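What follows is a short report on a single structure.
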């Protein structure tokens, strides 16, 4: 009898531990839940996630789907992603074709909880979208004057979903937008110290058009469209595309035409194309790779510090002065 009772107690102890773990770490069918059973807000990437965190504070749980150095252009869902999407109260996507793989589209399109920030911004005329060969450029986080508008969209969605915390979300959002405005002005000041004849950006792939239009071009160039001559890359909007000899030669000609002395590799991209370009120019033109890589489709520590990194690196490598940032 004692042995039987001991067995029963042992089984009950295991059941208790299992249930406790489920409460603490589980994801129920009705949504992500943590120890406090807070609804979860899922962001597709860190550029969105870092803004969402600032807006919600500690009122809601937050999570990010595409982490680390993974390429958002080519991301295919892995085990557990389906549950994360199904269990989230709101899913913030960049939109504009960034989340275009079949597995992501299957679970995001027609999902009532999915919010495409880029499309919402275009619908209310918040910015002028850029295109390449008829494809919309999704890299809007590169321009803080656009991305702070995304914060406003995020806030409006969250207030509609959770009106009980509207005052707190609005206050957090206003503080963040103010900080982003200061950071935007700082970036313009830094990059304006680069001599105008040196403001030419050669990067790994075409992720810096919004950045160039906002921070490297003159007002006259923005108005006329001539700002496009301020940047080039061997790869297109997505790093998935194959690079041709013609693409490489176009960059070589650009470097010679504008007397470019430094080209910028990107953290997540293979540097072979840029190395070939530098190598092919060795005898006729002195050009080198920047000492550090730029971040385009991912972040280093967080979105805001990564933006500062890119601004400082481009400014200093192109002959400008990186001013002290107050934020």
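Cβ coordinates are placed from backbone N, Cα and C, and glycine is handled just like the others.
Here Swiss-Prot flags 1-20 as signal peptide.
Around the Cβ of residue 139 (Fe(2+) binding site), the number of neighbouring Cβ atoms within 10 Å comes to 23. As annotated by Swiss-Prot, Fe(2+) binding site applies to 73, 139, 205, 297, with the evidence given as similarity to another entry.
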If you count the other CB atoms within 10 A of the CB of residue 73 (Fe(2+) binding site), including all protein chains displayed, you should get 20
Could you say whether, by DSSP, residue 73 (Fe(2+) binding site) belongs to a helix, a strand or a coil region? coil
Near residue 205 (Fe(2+) binding site), which residues of its chain come within a Cβ-Cβ distance under 8 Å, counting only those 6 or more away in sequence? 233, 234, 235, 236, 237, 238, 239, 266, 269, 296
